[in-house]
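The structure appears right after this line, and notes come after that.
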Amino acid sequence: MTPGARLQAAIEVLDQIIAGMPAEKALTTWSRKSRFAGSKDRAAVRDHVFSALRCWRSHQALGGSETGRGLILGGLRDAGIDPDTLFNGEGHAPQPLNDQERNGTTPVLSRAVRLDLPDWIWPAFEQSLGDDVEQAAQALRHRAPVHLRVNVQRASLAKMQKELAAEGIETQPHAAAETALEITEGARKLRNSKAYQNGLVELQDAASQAVVEALPLRDGMRVLDYCAGGGGKSLAMAARAKIELFAHDANFARMKDLPERAKRAGSKVQQLETGDIAKHAPFDLVLCDVPCSGSGSWRRAPEGKWALTAEKLAKTQDIQAEILRQTADLIAPGGTLAYATCSMLNSENQDQVAAFIQERPEWRMQSSHSWRVHNGTDGFFVAVLTREVAG
Ligand SMILES: C[S@@+](CC[C@H](N)C(=O)[O-])C[C@H]1O[C@@H](n2cnc3c(N)ncnc32)[C@H](O)[C@@H]1O
């Protein structure tokens, strides 16, 4: 496919998304009916679509309409590319610009439009990020880096770097976590590499790894990953100490790949239905990687940025508070409750923990860490709490 044909394909996928289809489904539907497209074409179309999803407001404003064509046109203008070089109607490229598209005045963009955030969330972003707000919002407009977690119980970082390089995947250590590598070249080859297939490396953002490094895990502990999802943090915890590990998720089906992933990594995890948790309590450590706005990972999942509303955020915060209350009762005296989000909003992070401690004064905050999206990882927060042992 020519560069112009790839843009036209992205325009068609975006029109499906505007009509209500989820982005992944729209991309798969296009892929299925486009047998002629090679892997590089598919990757390029995906990149165009995701760039539009991240920068929806500014690209729409610069392109003059909320259509696939408007978004792609705005994206070219944002990147400083002359649209006439690609919108030329040749070889399945988009049709040339009409007079309105060519002569429309360049709009003055407000800060929230220029930085691609919904208006309603801008005050909370400013309040949470202070002077870093523009940098953080700007980072969310770009693609996320690809990070790996090396299973250091089975292989060193240096050994993995060498093995991956032999398969065309270049990496460098990431400062945020001692187990983290950042892929600098060849990310698309990862899933077929030996190191990945043998469970020596997992795809995981460096801040996600750093959250697990912040936990006081020791051999012999009984640990519950209460919101395990796909189990990324479960596996990272199992790789740090010889623990007895339990995984739970309110949506049990989300853990469906966990047994297979654990087997690949050489780890053991017992999955628990909600009704079975109390039978296995108390635990020495419970990790609550709670559902959240996802604002720290909006560059990976940009549809979330536009789907969130003030009402949905308030509901999610109620769930977070309820999870803290429920899990606190599952922990042994002197045990640890770890609360984590992939959010950069204070209302989901320190405010939530402060409200919990006010309600349950026997709990003390031992430590807390925040990671911000403009410092090379996803945005994340973790607080480590312990209950005072009555003396
Ligand atoms: C942020 S995700 C977890 C990601 C996962 N820990 C990882 O590292 O890949 C939050 C998870 O919490 C689950 N969840 C939502 N409400 C819950 C609740 N009340 N109790 C337990 N899990 C819940 C969701 O199904 C979702 O899988």
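In case you wondered, yes, glycine gets a Cβ from its N, Cα and C as well.
Note that TrEMBL annotation is computational and uncurated.
As the structure is a computational prediction, the values presented were derived from the model and not from experiment.
According to TrEMBL, the protein has these features:
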DOMAIN    136-391  domain 'SAM-dependent MTase RsmB/NOP-type'
BINDING   Asp249, Asp289  S-adenosyl-L-methionine binding site
ACT_SITE  Cys342  active site, nucleophile
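Take the CB of Asp289 (S-adenosyl-L-methionine binding site) and look out to 10 A: across all protein chains shown you find 25 other CB atoms.
Rounded to the nearest whole angstrom, the C-alpha distance between Asp249 (S-adenosyl-L-methionine binding site) and Cys342 (active site, nucleophile) is 17. Taking the domain 'SAM-dependent MTase RsmB/NOP-type' (136-391) as a whole, pLDDT averages 96 in the prediction. Under the three-state DSSP scheme, the residue listed as 'active site, nucleophile' falls in the coil class. Asp289 (S-adenosyl-L-methionine binding site) and the residue listed as 'active site, nucleophile' have their C-alpha atoms 8 Å apart, to the nearest angstrom.
Within the same chain, residues at least 6 positions away in sequence whose Cβ sits under 8 Å from that of Cys342 (active site, nucleophile) are Ala207, Ser208, Cys292, Gly294, Ser295, Gly296, Ser297, Asp378, Gly379, Phe380. Cβ contacts within 10 Å of Asp249 (S-adenosyl-L-methionine binding site), excluding its own Cβ and spanning all protein chains shown: 22.
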